[in-house]
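Over in TrEMBL, the protein carries these features:
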- 42-291: domain 'G-protein coupled receptors family 1 profile' (DOMAIN)
- 26-49: transmembrane segment (TRANSMEM)
- 61-79: transmembrane segment (TRANSMEM)
- 99-121: transmembrane segment (TRANSMEM)
- 142-163: transmembrane segment (TRANSMEM)
- 205-227: transmembrane segment (TRANSMEM)
- 239-261: transmembrane segment (TRANSMEM)
- 273-293: transmembrane segment (TRANSMEM)
Amino acid sequence: MTGAGNYTFSSDFILLGLFSSSKTSLVFFSFTFFIFIMTITENTLMILLIHRDSRLHTPMYFLLSHLSFMDILHISNIVPKMIADFLSGSRTISFAGCGFQIFLSLTLLGGECLLLAAMSYDRYVAICHPLRYPVLMRDNSSGLLAAGSWLVGILNSIVHTALVLHLPFCNSRAIDHFFCEIPAMLKLSCIDTTHYERGVYVSGIVFLLIPFSMISITYVQILLTVFQMQSSGARQKSLSTCLFHMVVVIMYYGPFIFTYMRPRSYHTPGQDKFLAIFYTILTPTLNPIIYSFRNKDVLMAVKNIIQSNFLNKN
């Protein structure tokens, strides 16, 4: 439906995507498909392990199970559409489909930002205040942290999705991105979006800068505690864990902050697509490896399940 002034309110959009018809794109498509299958498998296995093994019924793994679920939903919200478009040659997405992508993406991105901060707080209490851990991180505490991450993410997403979809769009409906993301959508608007962009900055402060600052502070405190450890083996293991965690956090928050905290005039399609790959495709793949599968308890749970299945077959 088209309104006055050649504004488009409910027509389909076109996602220009990441892939073209070149051989290089075929290789990149194959790699993306492999990453998608790997991510779904890893995170599903992580959720099953946490559910089945009683030793993993702790606040930390409870939060990790929510992180895995968010990662499954997030990559499933984006990559299957990319795959379908590449195979079919069609790049259109309906107005409703685009709205749903924006809503789910913002819910999961915002929720994960808050959840990662909650997980860093859990590690801070466990390492820096181990005697107070049972009090500060009771079972209901981790539940409240997870529920709060989901709820605040959903509320923020509802507001931004509604505002973006009510913008009048010009004749060009081609979104130069591989999914419907707010910065790319704003470029199609026929009106000045300065006031709305200020709202995006406010959300960026709440969901990006504050959680990232909290995570940085907690890891500094953790490192100071680790350096005081008497055992060199425990110190080295803790340092390695902290380093890997911070690398993943920076890979997630860094591109996310760079994308959402810059004025629209500074955005370029190629740069936005490259940065989005980190927080939509790569980090969901790395999270289970960094946070879980390097952990002795998780590896032991995998071993126990394999052994129990083997014994049952015999």
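Numbering starts at 1 and runs along the chain as it is shown here.
Glycine residues also receive a Cβ, built from the backbone N, Cα and C atoms like all the rest.
Of the Cβ pairs linking the transmembrane segment (61-79) with the transmembrane segment (205-227) and spaced 6 or more residues apart, fewer than 3 are under 8 Å, so the two regions do not touch. In this chain, the transmembrane segment (239-261) lies apart from the transmembrane segment (142-163): fewer than three C-beta pairs between them fall below 8 angstroms, excluding pairs fewer than 6 positions apart.
Counting residues 6+ beyond its ends, the transmembrane segment (99-121) has Cβ neighbours under 8 Å at 60, 63-64, 66-67, 70-71, 73-74, 77-78, 81, 93, 142, 145-146, 148-150, 152-154, 156-158, 160-161, 164-165, 179-182, 185, 203, 207-208, 210-212, 214-215, 218-219, 245, 249, 252-253, 256, 279-280, 291 in the same chain.
Here the transmembrane segment (205-227) has Cβ contacts under 8 Å with residues 109-110, 113-114, 116-117, 120-121, 123-124, 127-128, 153, 156, 235, 238-239, 242, 245-246, 249, 253, 256-257, 260-261 of the same chain, all six or more residues outside its ends. Within the model, the domain 'G-protein coupled receptors family 1 profile' (42-291) shows a mean pLDDT value of 91, rounded to a whole number. For the transmembrane segment (142-163), the list of distant contacts is 59-60, 62-63, 66, 99, 102-104, 106-112, 114-115, 118, 121-122, 182, 196, 199-200, 203, 206-207: same-chain residues at least six beyond its ends, Cβ to Cβ under 8 Å.
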